[in-house]
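Notes to accompany the following structure.
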Amino acid sequence: MKKLFIKTYGCQMNVYDSDRMADALAPSGYEATTDIDEADLVVLNTCHIREKAAEKVYSELGRLRIMRQKKEQKGGEMMIGIAGCVAQAEGEEIVRRAPVVDLVFGPQSYHRLPDLVEQAQTKKVVETDFPAEDKFEHLPKPKKETTIARGLTSFLTVQEGCDKFCSFCVVPYTRGAEVSRPVHQIITEAQDLVDAGVKEITLLGQNVNAYHGLDANGETQGLAQLLYKLADIDGLDRLRYTTSHPRDMDDALINAHRDLDMLMPYLHLPVQAGSDSILKSMNRQHTVEDYMRLLERIREARPDIALSGDFIVGFPGETDEDFEGTLKLVRDVEYAQAYSFKYSTRPGTPGATMDNQVPEEVKSERLQRLQELLNHQQTEFNKSRIGTTMPVLFEKTGRDPGQIVGRSPYLQPVQVEADPSHIGTIRDVFIDSVGKFSLFGKIVINS
Ligand code: 5AD
Ligand code: SF4
């Protein structure tokens, strides 16, 4: 058996993709390892969303070069591959800048990995085309034991790419145009996951609520219809989806939140900024008011829904007043959790050449203020759970003996003292206290 070590950067789709790479290489005799020292093949599955993310890859390559030298001195070998969005965006440039790399391949080539690895034995390989064939049709299924070992919750990509072209974002260039997988492919994959014991599936897409896949009759189905179909799978308890664009939250999807109990009441719906002029130059195609009205409709359909979001501070031209708009929006919405970032110039995107780039110190100061507010809201949201009872899907034993850990509908880790036989089940838990990262409680015995 040869050993494969994959290091994953960035988003959940990269997590999903890393598993697909392992699946693709399994028939060639590669077994996943968590010990990089014993790896025959090291793959960095990279992220290009912000400058820092890409730079991390080059510094990791510096470390890998030394590891590889040591290994070769002892007569061993270590092939190095770069996958993901940096691979897609930089291609040949990576091999020029870091000659230690043997193989560069973009997200649409993972099904061709066995062949690419074979070629890389004798020459440098750079493969960043968008092939005509459907990679999902060509990716081998994981063995049931492999899926079982991956746990009770799983990601499932239903859509890739993005046609929105927000002016700060590289995704439309690295992941390409929006493509939706056909319904039957997704149902089959979900059924296989459930057969291996998976209880919760998170549907993934760069713009997941723009999903428009074909069904067996050749008709286009939206994300809502897909969710209703998945909800029919026996043994599947929870559904989630991420990440969404406000423009694609249609009535059908809002109604799915009303109708489907198993669709968790937790929605990641990035707004990015709280000023109409910034939203316009970001090409978000919606206003602050559109977003607020949309939230009202979603909350009406599913009153217990909690919101998560993404924010960018310091987009070119952002004034103090624009930034105050972002703080106001956050105060009005009351997020359960959110990610926030300083604007990072991405070459090739319209934002990169805009006038009025915001100085770094101003970005840092704004980010700090925004994060203080968001952290405060997250703490308040967690505290608001004390004294309530929530269903928790127990996934594993905790750090302390006698403890088991699961997730609430809002993805909060919940720890209880209980028998490990509860793992794999959903139990009502009375929340009695809140720590820095987790909630604590007791399983409610239903009479
Ligand atoms: N700079 C900073 N943050 C960015 N994001 C995307 N592109 C950039 C960029 N150039 C953030 C957005 C997006 C999240 C995945 O990353 O908030 O929703
Ligand atoms: Fe990027 Fe999301 Fe905008 Fe698409 S919708 S361009 S993935 S931020």
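Note: Cβ is positioned from N, Cα and C throughout, glycine not excepted.
Per TrEMBL, the feature [4Fe-4S] cluster 1 binding site maps to Cys11, Cys47, Cys85. In sequence order, Cys47, Ile49 constitute the residues six or more apart from Cys11 ([4Fe-4S] cluster 1 binding site) in its chain with CB-CB distances below 8 Å.
Per TrEMBL, [4Fe-4S] cluster 2 binding site is recorded for Cys162, Cys166, Cys169. DSSP assigns Cys162 ([4Fe-4S] cluster 2 binding site) to coil, not to a helix or a strand. Listed in sequence order, Cys169, Val171, Pro172, Arg175, Ala177, Glu178, Gln206, Asn207, Ala210 are the same-chain residues at least 6 apart in sequence whose CB falls under 8 Å from the CB of Cys162 ([4Fe-4S] cluster 2 binding site).
The annotation domain 'MTTase N-terminal' is assigned in TrEMBL to 2-122.
Summarising the annotation, TrEMBL assigns domain 'Radical SAM core' to 148-380.
Taken from TrEMBL, the feature domain 'TRAM' applies to 383-445.
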For Cys85 ([4Fe-4S] cluster 1 binding site), write down the residues of its own chain that are at least 6 apart in sequence and whose Cβ falls under 8 Å from its Cβ; none is a fine answer. Gly10, Thr46, Cys47, His48, Ile49, Pro107, Val170, Val171, Thr174, Arg175
DSSP-derived class (H/G/I helix, E/B strand, else coil) of Cys169 ([4Fe-4S] cluster 2 binding site): coil
Near the [4Fe-4S] cluster 1 site, what residues other than Cys11, Cys47, Cys85 in the same chain have a C-beta no further than 8 Å from the centroid of the listed C-beta atoms? Tyr9, Gly10, Met13, Asn14, Thr46, His48, Ile49, Ala53, Gly84, Thr174
According to DSSP, which of helix, strand or coil covers Cys47 ([4Fe-4S] cluster 1 binding site)? coil
So if I draw a 10 Å sphere around the Cβ of Cys166 ([4Fe-4S] cluster 2 binding site), how many other Cβ atoms end up inside it? 22
List, in sequence order, the residues of the same chain other than Cys162, Cys166, Cys169 whose Cβ lies within 8 Å of the centroid of the Cβ atoms of the recorded [4Fe-4S] cluster 2 site. Lys164, Phe165, Phe168, Val170, Val171, Pro172, Gln206, Asn207
